[in-house]
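Undergrad: Sharing a structure with you now.
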Amino acid sequence: MGSAGALLWHTPQQLHGRGILFRQSRPLLRQRNLPLISLAAPALEPERRRRQCLRCAAVDGDGALRESGPLPQKESPSSGIGAALEDPPPGPPVENGSFGGPSQEEQSALYTFLYPSKDLLPDDKEMSIFDHLEELRDRIFISVLAVGAAILGCFAFSKDLVIFLEAPVTAQGVRFLQLSPGEFFFTTLKVSGYCGLLLGSPIILYEIIAFVIPGLTRDERKFLGPIVLGSSVLFYLGIFFSYTVLSPAALNFFVNYADGAVESLWSIDQYFEFILVLMFSTGLSFQVPVIQLLLGQLGLVSSDQMLSIWRYVVVGAVVAAAVLTPSTDPLTQMLLAGPLLGLYLGGAWMVKITGR
């Protein structure tokens, strides 16, 4: 047995007698462990009490457990890790997925429009993405079929439509020429296409509404009817205004300006390019009140903000008239800028009536 083993097998008195100095380690270890035991004892005391209470409650039955109520717990210096692992204190209630933020009633109308509450949505059948794509394909097919049928019907009466659209300037002595072979044929195709699209637009609008309306809330469905009706009326009103006021004024300006200098012999294709673009651009520009009403309902712009920028609106109306009209004369631009400004002010008034 080695020296280490010999030391372990001898008593302290024997080792001391042999001249080996031995230090009493056990009392020293006890003294060193006294502070550690004294610190750990308070931490273990609540746990012992809790176990004793649980044992008493188990013996007395469920009634004693209910009567005892919550068990008292004392905090201890060594319970920091356990406290960190416990559940956090309850925070403010979460409403409508806002994570403690403002409720849905306090949020903007745009947020409500993008993320409506389930209570506002009607109880319609849910569809997958493939069902939506299939429905979209069917509605596009119906729209194309309706527009194609309208174009064929207009092509059957294309000559009558050409004579009807030539009426604003025929009284001024203007004659139309066919400058290339087939020019009149392609002109009739163009006129038939524009008129067929105009006649088929109600069906296109209906298919769009039928596709979109299942995803709208009840309030949005009530609001959709006036928007669609107002948009359709304003579009056809713009076309009527262009045919009766804007186009004759612009064409008469050109005829009178060239009177005495040149004879007015116009290309049939260039004339219908001018008249058709002017009519449809005027119809689209008459949608300004509809856009204002939509922005007001979404809460993006108020009526006071619309009226406060009237100076910029005047400049914008003139610029828009210059872009929308195919001619460069100032008379046509002013004739279109005036109604645009009036429509803008009317739209701001409508937004104010609705409480925005």
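Cβ from N, Cα, C; glycine included.
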Undergrad: Does the record from Swiss-Prot show Thr188 and Gly299 on the same side of the membrane?
TA: no
Undergrad: When the pLDDT values for the topological domain 'Lumenal' (244-273) are averaged, what is the result?
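TA: Across the topological domain 'Lumenal' (244-273), the average pLDDT comes out at 84.
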Undergrad: Any chance you could find the range in 144-164, 223-243, 274-294 with the most Cβ pairs under 8 Å to the transmembrane segment (306-326)?
TA: 274-294
